[in-house]
Amino acid sequence: MDIGPHSSQLIAPPSLYLAAAAAAMGDHRDPAFPAVVGGCRLPKTSSVSVTESVTAVHDFKVTGYSLIEGLGIGRYVSSSTFTVGGVDWAVRFYPDGSTVTCLGNASAFLYYCGREKEVRTRFTLNLLGKDGKLSQVTNSYMKHTFSPASDNWGFIKFAEKSKLQSSPFLHNDCLTIRCLLTVVRESHTKDVEVNSVVVPPSNLHTDFENMLNDGEGSDVTFTVGGQLFHAHRCVLAYRSPVFKAELFGPMKENGTQCIKIDDMEPEVFESLLHFIYTDKLPDSCKDGKTAAMQHLLVAADRYGVDRLRLICERRLSETIDVETVATTLVLAEQHHCSQLRQACIGFVASPNMLGPVIESDGFKHLVESCPLIMKEILSKGITGTHDFEVVGYSLIDGFGVGKCVCSGVFSVGGHDWKVAFYPDGHDGDCAGYASACLSYCGKERRVRAKYSLSLVDRNGRASPLAGDTLRSHYFAPTSHRAYLLKFVEKSKLPPSSSCLDNDTLTIRCVVTVVTGPHVENVAPAKKKGPLVTVPPPSLHEHLARMLRDGRGSDVAFRVGGRVFRAHRCVLAARSPVFDAELLGPMMENTVPCIEIDGVEPTVFEALLRFIYMDTWPIAGVEVAATGHLLAAADRYGLERLRLMCEEKLHESIDVDNAADVLALAERHHCSQLRDACVAFIASPSTLGPVLASNGFKDLMASCSSVTKEILHKVSELWSGHSNRNSTKTRRKAKQNKRK
């Protein structure tokens, strides 16, 4: 009988199903089962309270300290506004103290720029030395709840003035105050599904790191500065076009037992190999020392490892200072690092920076190596790029005309800016369009700037949907906004649009502040956000291409008449069973094609895709195919894939497949999936249809202990149900008697 949305269904008491099932298998009640409370097993639910925080660092550089000393008690210089936890902040430095009680001391405070709510924080302010080390002057954290009524908090006696002049923290008449700020977000509660299957995160990079460290199955050796490094040709070739040419192309060195690498330090080559295998920097590079990053950038450029080169560019752009900018700029010029080059030029062209850079040790080398750069610095202006991510676009679509969401404040050319996005247009003339706007946040003077606003697609490139040409505008406190009223047609932004990635829209703003020949006395604001854009990890894409192309493969499998080619080192690194079969005592080196029985070709193909990519390998979720894949994952010891199959099957349990899924879970020891199936079948609303299914008859024949457990659970549930009904009946009888 079909049950419509407004129909009711008569369900026979589970005791009838219990009687039929018990008659078929014997009514065995096990007294060892746990007791129940009040005749009924207590329902189990779970929730968790989550308190999250956002932590960020802001460095406030106070240039010309000698000029502001003697400014007066209670007078301060302020950093630019920076955003942490969705709230704007600033650091204020009082060179002569904030009050008369600070005599002989400078003060430093964190200032809350909001006007709406209370914000809980934990922060500290410290002086930063030339070598990047923090002072021990004020190293303790402060906790404070900021609000409009309490908008500043900090250190009244931040530093003794008499000690500053001779301290390592005053360099070239410049002080740097580092603010480490944690904003505590409001607590919220999450429900936790009790029977959910927990799938661990990807371990692809860990398996490949172990492959590199163990050297198992390696087939090429390099000597660098007297040290030997063992590696795997197929991995190197698919991660580096240069290695591919050297190892498999016309330049290949098959006859060479050991390839010698000149002009590179062993530590640099080791870091290069680590990145090739894991798509991550090794721990030894986490401190981001400039010299080490420069050498690694050169190696990445030499071997065509573009993502590593961009990571080095970003690290170097984040650590630019007066002492390193010249050498970094020469490096960027030599290796065509356009984003790093622009960051260096922006730093040098910043107000009050050119003089100290000219006096630095590396400036002579800069002028000799790149004589045209200084001309560019003085003539082109200062350019900066800011990517504004609008997360949850579908949630603000329909926001209303004239309503906008804004980016954080970012700095270009010593001036603060922000981008606004109007999902339903700025005004009534924008029907069918979204609008965008660049806002000047300064309050001081007129600024000429060239700018463009565009959408970015999933590959990080400007999209033609809203590619905007470069425009010029004079910004001022009285004219501080420049609008693109018809920025993009809304109809061109469906969920499948190339500009929407996980419901996130990215707007790229490029601003060039036209400086002209003038003198500035305002200290530059630190740029917010990354100066160099790094694409997402690509290891899994390169491995997928390795599997698809088959180049460098050294093992073949025959499965149901189909032949699959693969790479022993990859299979061994990912599966302990393949490790034993291909590289261990069970290895089958002499077999030209290994026969695989008991697995369908499509299932084995999906298994290989997971091994190489570590992602769900089947389009959609088909229960039978997922069950076969679970069995294959269990056979080859792929624990993460087995748990992924468990999760998919758990989400797909229904009355038609519950018994079959339970039998599968029992055979392959999937405890979480087994518990979910038992709970589903024992439910009064699903018990009858499941017991009537063919799968349950097979389950009774193969797994009698499981069916006995189901019967016991149902007995407990209905025992409690009967007790509650009896109680209601007695209450009703008493009420009638009183009447």
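Cβ atoms here come from the backbone N, Cα and C positions, even for glycine.
Taken from TrEMBL as is:
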type     : residues : note
COMPBIAS : 727-739  : compositional bias 'Basic residues'
DOMAIN   : 55-181   : domain 'MATH'
DOMAIN   : 218-281  : domain 'BTB'
DOMAIN   : 383-511  : domain 'MATH'
DOMAIN   : 553-620  : domain 'BTB'
REGION   : 720-739  : region 'Disordered'
Quick check on the domain 'MATH' (55-181): DSSP residue counts for helix, strand, coil, in that order please.
11 helix, 66 strand, 50 coil
DSSP-assigned states of the domain 'MATH' (383-511) in counts, ordered helix, strand, coil
10 helix, 67 strand, 52 coil
The domain 'BTB' (218-281), counted residue by residue under DSSP: helix, strand, coil
27 helix, 13 strand, 24 coil
If you average pLDDT over the domain 'MATH' (383-511), what do you get?
87
